[in-house]
Amino acid sequence: MSILVTVFTLLSADQQASEVPKVSEGKLDLTGTDITQRQPIKLSGSWDFYWQKLLTFDELGLQEDTPTQVEFPGIWRGKNHQGKTLDHNGFATYVVEVSLPKNYEHLAIRVPNIGSAYRLYVNENLIASGGQVANNAERHVSKYSPGTYAFKPDGQVFKLLLQISNYDYYWGGSWNALELGTHDQLQEKLVRETLKTSFIVAIFFTISLFNLLLFSLRIRNILPLIIAMISIGFGIREAEINNLLHYVNIFDSNFLINIRTNFLSFTGLAPLLIMYFYLSFKNVYNKIAIYMIVAITVGFSLFIGLAPIHVFSNKLPYFQFLIMGIIVYLIFGLIKAIYLKKRNAGTLFIGSLILACLSIHDIFLSLGWINTVPLVSLGLVAFVMCQNYITYADFILASTNNKKLNRVLEQQNNELQQFSNSLEKQVEERTEELENLNRKLELLANEDALTSAYNRRGISVFLEQAKAVQKRSGTPFCIALIDFDNFKTVNDSLGHDVGDLTLKKACELIQAIIREQDKFGRWGGEEFVLLATDTNLQGAAFIAEKLRCEIEEKLAELIAYKVTVTIGVAECGIEENIESCLKRSDNALYKGKMEGRNQVALSKN
Ligand SMILES: Nc1nc2c(ncn2[C@@H]2O[C@H](COP(=O)(O)OP(=O)(O)OP(=O)(O)O)[C@@H](O)[C@H]2O)c(=O)[nH]1
């Protein structure tokens with residue numbers, strides 16, 4: 001902010017160090033002032049004034065009426081002149097006699113934006129004009145024509161005649177003073193002012209762009225968009241009021257467009273500012289009142305944008321009264337927001353306070369109570385910057401909250417991921433357990449509970465498989481039925497438990513002897529079946545004999561009781577089914593039993 005003030009002050013450095021010469025009773029005495037050695041002189045003070053007269057230099061001498069004196073610059077409307085109140089419509093001639101200290105080759109006059117039509121003479125020479133000066137509304141044409149005009153003064157005393165007519169503008173006369181100096185001085189001052197205006201306009205546009213960027217990042221929050229529009233509005237107003245639009249010839253000095261831009265950049269900003277305050281501190285303002293005010297200000301802006309100039313130009317004071325009321329209401333809300341400790345209320349209040357103070361400063365300046373430079377532009381910059389700071393701070397806060405939220409989300413995601421991983425692991429473990437259980441159940445379904453050998457169902461599957469292999473490749477296989485001899489006596493003599501143990505041990509012996517590809521199972525009771533795959537009858541007889549001997553020998557050692565088996569063996573024929581082969585094994589077994597037991601009996605095809 002201090003940098004801004006410094007730049008602003010440097011660019012506005014047009015204060016005159018020495019005493020300011022003033023126009024007094026239609027005369028400006030510059031005999032003690034070297035114009036070239038100082039800043040341009042504002043031709044303000046009491047000028048000779050001829051109301052409802054457009055006089056030339058020649059006509060001045062013939063004038064019977066003595067002129068009255070009025071303050072120039074000054075507006076007509078409401079001014080007391082010879083006991084009458086002036087209207088804003090009309091025409092007049094202002095005259096001042098300037099006395100110079102010496103003969104100057106060239107001087108120049110800077111004409112401000114008078115806002116209607118004017119003609120400027122140095123003695124009898126017309127040096128500048130804007131629009132068409134006339135004594136009636138039909139012939140009068142307003143035009144924005146500020147500019148710097150060089151002239152050659154005739155001697156050390158000359159008269160300046162300024163004719164002004166107005167039938168459009170609400171006030172009449174001129175708000176601003178003419179300035180006298182050398183052409184270079186005036187040009188230099190113009191450049192400085194243009195630079196100052198450009199600098200401020202650039203600040204407004206930069207703030208606007210920055211806020212548009214913020215808005216594009218968070219479209220849900222429209223406050224940055226409103227600030228962007230307010231900044232653009234302030235920028236356009238600054239450019240228009242300081243004639244920047246005129247110097248860069250944007251509207252080709254079109255009076256109507258200039259005046260509409262001037263008015264609209266004031267009225268159009270009102271609804272935006274009101275909405276900004278309301279949206280920032282919603283619960284301190286009345287919603288219906290705000291919407292009504294916005295509707296009125298928008299309606300007024302439309303009226304200015306569409307109505308003819310003579311209709312709308314004199315309505316602005318009503319709007320100014322309304323705006324004053326609105327400002328009081330907004331400030332009242334702001335104070336309430338501060339009292340309620342609303343975030344950002346203090347910052348916005350500071351911005352508004354700076355703007356209010358600098359506006360009051362400029363009012364004092366225009367009244368001639370102080371002799372400084374206009375500072376309201378600086379107030380506008382301060383106000384918009386405070387708004388900008390608020391949106392930026394809000395944006396940072398929102399993005400910090402977002403980051404925090406993201407961190408929490410990330411943490412929750414991780415926890416969820418961990419939970420899901422453990423769930424997956426648990427499911428995997430359960431599935432594996434179930435699969436194991438299923439395998440066990442399947443085994444159990446095919447397994448004999450006492451001996452752990454295949455049961456009848458289990459061994460039957462292998463018998464069918466062996467048959468299928470034989471059909472495909474002709475591989476031979478044999479079925480041996482093993483039956484314990486007189487097992488009833490084992491049970492009867494040693495008890496049923498020992499009988500069970502005997503069967504169990506016998507099965508273990510058999511399992512240990514047979515090949516891995518051979519299958520062994522319990523056919524029922526104390527009768528067992530051996531499937532000898534890839535084996536012919538001779539091979540099967542050999543295995544059966546080996547089993548018989550092993551049982552006879554080893555079981556006696558284990559249970560101290562002689563236990564023997566009889567085995568019936570048959571080789572399955574190519575065309576024979578399993579049932580038939582089993583039947584033949586059984587027949588051979590029966591034959592073995594009949595022939596004295598404890599032997600291997602073969603079934604020959
Ligand atoms: N301990 C026990 N005994 C069984 C089991 N299954 C069958 N047995 C018995 O085996 C005996 C079979 O008797 P039998 O069919 O008369 O035949 P055997 O006494 O072995 O006489 P042969 O077969 O003619 O030599 C019965 O006493 C059944 O109770 C079993 O799982 N455990």
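Quick reminder: no glycine exception, Cβ is built from N, Cα and C everywhere.
Feature list (source: TrEMBL):
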- 402-447: coiled coil (COILED)
- 475-605: domain 'GGDEF' (DOMAIN)
- 197-215: transmembrane segment (TRANSMEM)
- 222-239: transmembrane segment (TRANSMEM)
- 259-281: transmembrane segment (TRANSMEM)
- 288-312: transmembrane segment (TRANSMEM)
- 318-339: transmembrane segment (TRANSMEM)
- 346-370: transmembrane segment (TRANSMEM)
- 376-397: transmembrane segment (TRANSMEM)
Listed stretch, out of 288-312, 346-370, 376-397, that has the most CB pairs under 8 angstroms to the transmembrane segment (222-239): 376-397
Interface present between the transmembrane segment (318-339) and the transmembrane segment (259-281) (three or more C-beta pairs under 8 A): yes
Composition by DSSP (helix, strand, coil) of residues within the domain 'GGDEF' (475-605): 66 helix, 32 strand, 33 coil
Residues from the same chain, set at least six apart from the ends of the transmembrane segment (346-370), whose C-beta lies under 8 A from its own: 277, 280, 330-331, 334-335, 338, 376, 378-380, 382-387, 389-390
Positions on the same chain near the transmembrane segment (197-215), where near means CB under 8 A and six or more residues out: 4, 7-8, 11, 221-222, 224-225, 227-229, 231-232, 234-235, 238-239, 242, 244, 377-378, 380-381, 384-385, 388, 391-392, 395
